[in-house]
Amino acid sequence: MSTRRVLYALGGTVAVLLVGAILHPGFASWSSLRVMLVVASFTGFVAAGQMLVVLVGGIDLSIPWVLNGAAIVLTTSSLGQTSRAPLAIVLALGVGALVGLGNGLGVAWLGVPAVVMTLGMNGVMQGLTLGLSKGLTCASCGSYAPEPLRGLFDGALPAQLFLWAGVGLFMTVLLTLTTFGRRVYAVGVNPRAAFLSGVGVRGVTVALYTLSGVFAALAGIALVAYGGQPSLGLGDPYLFESIAAVVVGGVSILGGRGHYLGVIAGSLTLVAVTTFLQAQRVPEYGRLMIYGLVILAILFAYGREKAHD
Amino acid sequence: MREALRRVSIGYLVLAATAVAYLVVYTSRLGRFPTSFDYLSILNTTLPLVFVAIGQSLVVLTGGIDLSVGGMVSVCVAVTATTVSSSVFWLVVVLALGTACGALNGLIVAYGRIAPILTTLATLSIFTGLALRVMPVPGGSIPQEVRLVLTNPATPTGLIWLGLAVVGWLVLRRTRFGMRVYAIGSDEASARAVGVPAAAVKLKVYALSGLCSALAAVFYVSTTTSGDANAGNPFILTSIASVVVGGVAFAGGRGSALGAVAGAVALTLVIDILFFSGIDPLYQSLFQGLFLVVAVLLGTVAALAARRRRQA
Amino acid sequence: MTETSSMAPAQQESGSQTLAVRASGVDRAFGGVQALRDASFAARPGEIHALAGENGAGKSTLIKVLCGLIKADRGTVEIFGTEVSRVVEPAARRRMGVATAFQELSLLPDLTVAENLLLENPPRGRLGLVKRRGLGPAAEEILGRYGVDDIDPRATAADLSVAQRQVVELVRVLAGEPRVVILDEPTAALADRQVEWLAGHMRQLRDAGSCVIFTSHRWREIEALADRVTVFRNGTHVATRDTLSEAEAVTLMSGRSFAGAYPELTTVPQRESALRVKGLHSGRLHGVDLDLRRGEILGVGGLAGQGQRDLFLTLFGAQKARQGTITLDGKAVAIRSTKDAIRAGIAYVPEDRKAEGLFLPLSIRDNIAAATLSRRNTAGFVRRGAERTAVGSIVDQLSIGKGRSTNRAVDTLSGGNQQKVVMARWLLTDARILLLFDVTRGVDAATKHDIYELVGKLAAQGRAILYYSSETEEIAHLCHRVLVLREGRVAAELAGPVGDAERIVAASIKENHDA
């Protein structure tokens with residue numbers, strides 16, 4: 001069932017690439033593909049976290065400002081110096097983990113609906129980020145990402161892609177080979193039965209939200225390394241992107257079904273569609289509308305809930 | 001009766017607490033009580049959110065969520081700001097447009113069986129695109145007469161509209177449709193089993209949410225006197241926050257749109273409180289986020305206490 | 001007595017007067033489970049028609065098809081001669097005069113009693129608006145018409161007791177004065193006096209010319225009430241009779257002769273106590289004492305909702321005890337979570353396998369391994385070889401899914417095999433104490449028999465078994481000893497095998513006439 005959806009997702013990617021290649025010679029060339037892969041990797045990172053919480057029937061709306069906050073923490077704590085890079089990375093990821101932990105505790109222990117908890121947390125992070133950086137006008141706010149990080153995107157085969165492959169490997173191993181992964185699917189499919197089978201449902205939930213925070217922070221680090229300097233609103237597009245990639249990748253929004261391979265395909269499809277529309281010189285309004293329509297079409301293809309009977 | 005009071009009380013309590021805080025902060029800051037001008041400006045700035053919150057609470061009462069309110073408000077703002085100055089007749093078109101957008105959501109959710117959060121996320125993108133098409137750059141205008149009728153800066157015409165919104169809800173609540181909305185949110189399968197036409201009711205609910213977004217857009221343009229294709233975006237967060245602060249249960253079936261109206265006013269007051277207490281406006285969303293989470297926790301605690309009391 | 005079983009009822013009666021309800025050739029599958037196959041059913045106006053059959057025979061599915069909640073995969077449904085097979089909307093059936101009280105889908109929990117009763121027909125004032133203040137009195141009037149005076153119409157449905165909810169549900173259906181009334185297990189949660197009350201109203205409706213269809217687990221109710229009985233087995237129509245003795249009915253329902261449905265109880269419990277409970281208060285339990293010995297099958301009987309579920313859940317750590325002590329093998333223990341219980345060697349097999357037991361889209365292997373993941377864990381990784389071996393051996397032992405791959409999703413299995421999967425999960429834990437809660441519910445006769453034998457075998461191995469079943473018959477035959485719960489206390493203890501289920505029923509309702 002869910003493996004079939006992975007195949008659909010991969011098929012979708014290939015189809016978009018083929019159409020693009022026919023209409024635009026060079027669309028599927030390596031140099032163009034490389035750019036698409038790099039852009040898709042950012043979506044892939046946030047979607048990894050989003051997928052984990054969606055697997056247990058949750059959702060993480062705090063991704064935009066966790067990402068943005070982590071990006072700013074990275075540059076302001078490293079001040080662009082190579083020697084401070086490791087500390088800065090740890091700090092940025094730590095911020096993500098901390099926010100994710102807060103989300104998880106709120107959802108699992110206090111019973112706050114995931115939409116409310118993470119939406120509130122997004123506001124908290126936005127306020128903190130804007131306030132503490134004085135609207136990104138603080139003394140160290142002009143810093144760049146340290147040089148080694150910016151090297152992630154150099155060369156014919158950028159290191160960033162290996163990092164994404166690593167994330168893919170981590171997600172796949174975690175979800176299919178470990179006892180934790182088994183518990184995640186069990187909780188996602190039927191939390192009551194999982195509880196009655198001795199699975200620590202709350203613990204699993206908290207761990208997943210924490211991981212989601214970490215992945216959002218990771219995306220923030222990668223994005224600031226890519227662009228050099230952070231900006232405000234850096235994470236805004238990634239809420240929509242992360243959910244769309246997860247759904248296009250065949251993960252059920254009701255939880256319990258899906259593989260990260262599908263999410264990789266979903267991220268690529270989304271980026272390929274955007275790139276294609278840009279190549280066609282479709283204006284922004286058209287891109288937004290077509291983007292929405294594409295997602296609706298995919299939802300109609302395999303995102304429908306069961307009929308009442 | 002006491003039961004009914006207890007159910008909606010959380011939104012009113014929050015509103016009362018923020019109103020007191022507002023008065024305290026305002027008077028200690030400026031050394032005088034707020035003037036009628038202050039009240040009027042609060043009223044006029046709240047009205048758009050009040051409408052969106054009513055629409056959102058209808059959807060949440062059925063157990064759904066409408067993220068596309070942002071897009072619907074945006075597209076209606078764009079159309080209002082570009083057309084109404086030529087003919088007031090366009091206001092009708094705007095309301096019809098909002099209703100149609102909402103009905104599209106309803107069709108997809110109720111008959112297409114796609115989760116509300118996904119449906120409205122996708123249509124949010126479509127509606128925002130539409131708004132950009134209508135109004136690529138901010139601008140536009142609204143005739144002075146419309147302004148004087150809707151959000152008169154000197155006399156509280158806004159009160160009339162607020163009153164009409166409240167009456168509208170009270171009437172709706174007293175129709176069979178209103179009862180069915182609660183039935184679906186309480187347990188959709190059971191509601192269907194006892195003969196509630198769930199799909200048709202949901203379609204209407206989403207269409208009404210669209211109509212509310214259109215009304216909000218008209219009042220928004222009337223207050224700000226210009227339009228912007230991204231004007232609707234903030235309403236996604238604030239409408240959900242109003243509903244939650246207003247004590248509407250996120251799982252559906254419990255709460256009242258009046259609570260959400262109280263929540264919307266409280267949310268607007270919070271911003272004024274932050275302003276008058278001299279807190280850097282950059283921190284605004286921090287407090288809004290905290291406000292949201294704390295209100296939900298208060299609601300949970302209150303519900304638990306009520307349940308315990310009833311069982312004891 | 002008229003013998004009509006040789007022909008499908010629909011054909012047989014098509015020539016006579018207009019039928020109230022007629023279904024013919026109905027198929028309906030859920031996942032891999034064929035709930036109805038070529039099923040037929042017919043009922044006339046002005047009769048009380050009982051629908052009998054074992055759990056899993058397809059009664060509830062037939063009812064859902066009749067009232068338009070689900071669509072038949074194949075076949076036709078007619079209401080008063082009008083074909084309605086294509087319409088899947090209970091609202092449309094209601095307009096035709098069909099009203100249904102469901103076993104599970106019941107009241108709307110967040111609405112008040114009054115709102116539940118008057119949802120589709122509320123009192124209106126000027127301008128056609130619903131009079132919210134009028135709801136309470138109107139509901140009171142309806143309840144009063146049915147002689148119900150102990151339910152506050154302003155109470156929220158979620159706060160009512162199971163029996164009260166059932167009464168409101170029944171009043172809701174009866175008050176519409178429908179032409180076709182379908183009642184699925186209407187008496188399961190009711191006390192004797194309430195059953196009498198319901199019977200009176202059912203007869204009244206029949207005499208007024210309505211068609212009343214009901215299902216029940218209690219044979220004496222069917223005997224007392226029904227003008228005709230239709231028996232279902234394995235999703236299909238077996239017989240429709242004017243009268244039917246209990247022995248015949250059991251034979252028809254199970255496809256076997258009355259005697260020998262249960263294996264003989266050959267084992268003798270050991271002397272050592274495995275589990276001792278003293279003064280347990282939890283949920284509806286108000287001070288339960290029990291002593292379960294090794295190798296013993298201890299039955300828990302009583303009417304539905306007397307705290308049986310609370311007892312099982314509390315012993316398994318899934319529900320908090322207010323008071324009381326639990327002793328395992330002579331040592332006092334604190335069971336605060338399901339994890340604690342599993343570690344202490346306790347297993348709980350739930351009644352509702354879909355809601356509480358299974359991970360339907362996951363594989364047989366994932367389902368069976370779920371409670372013992374940490375035993376085959378190296379540095380967080382699943383030892384897949386060990387898992388395959390362990391699961392494989394238990395699957396063979398219980399003959400689940402006829403030797404096919406354990407990678408198959410559980411929702412493709414039949415109800416019986418699904419229940420075996422849940423049992424297998426718990427046998428893998430090597431639990432010494434098994435809490436079996438209505439494990440034969442919705443299971444076919446063959447699997448039921450397998451489960452009875454398995455329970456006997458487990459007891460012979462020295463495991464202690466606490467056994468509850470909604471079929472009192474089972475408790476009467478399978479258990480070494482039976483405790484009867486009433487209002488959260490042990491009301492009687494009967495030495496087993498009791499044999500006659502009526503003795504357990506009698507002990508369940510004694511002194512209960514004032515309820």
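From the backbone N, Cα and C atoms, a Cβ is placed for every residue, glycine too.
TrEMBL does not curate its annotations; it predicts them automatically.
Per TrEMBL, the feature transmembrane segment maps to B:9-27, B:39-60, B:90-110, B:117-134, B:154-172, B:205-222, B:234-251, B:258-279, B:285-306.
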Mind pulling out the one from B:90-110, B:117-134, B:234-251 with the most Cβ pairs under 8 angstroms to the transmembrane segment (B:9-27)?
B:234-251
Are the transmembrane segment (B:90-110) and the transmembrane segment (B:205-222) close enough to be called in contact, which here means at least 3 C-beta pairs under 8 A that are separated by 6 or more residues?
yes
Outside the transmembrane segment (B:285-306), six or more residues from its ends: residues with CB under 8 Å to it:
6, 9-10, 13-14, 237-238, 241, 244-245, 247, 263, 267, 270-271, 274, 279
Sort out for me which stretch, of B:154-172, B:205-222, B:234-251, B:258-279, has the most Cβ pairs below 8 angstroms to the transmembrane segment (B:39-60).
B:205-222
Near the transmembrane segment (B:205-222), which residues from the same chain, at least 6 beyond its ends, have a CB less than 8 A from one of its CBs?
44, 47-52, 54-56, 58-59, 61-62, 64, 66, 69, 72-77, 79-81, 84, 91, 94-95, 97-103, 105-106, 109-110, 140, 142, 146-147, 150-151, 161, 181, 231-232, 235
Is the transmembrane segment (B:258-279) packed against any residues at least 6 beyond its ends, judged by a Cβ distance under 8 Å, and which are they?
8, 10-12, 14-15, 18-19, 21-22, 25-26, 29-30, 42, 45-46, 49-50, 52-54, 56-57, 162, 165-166, 169, 238-239, 241-248, 287-288, 291, 295
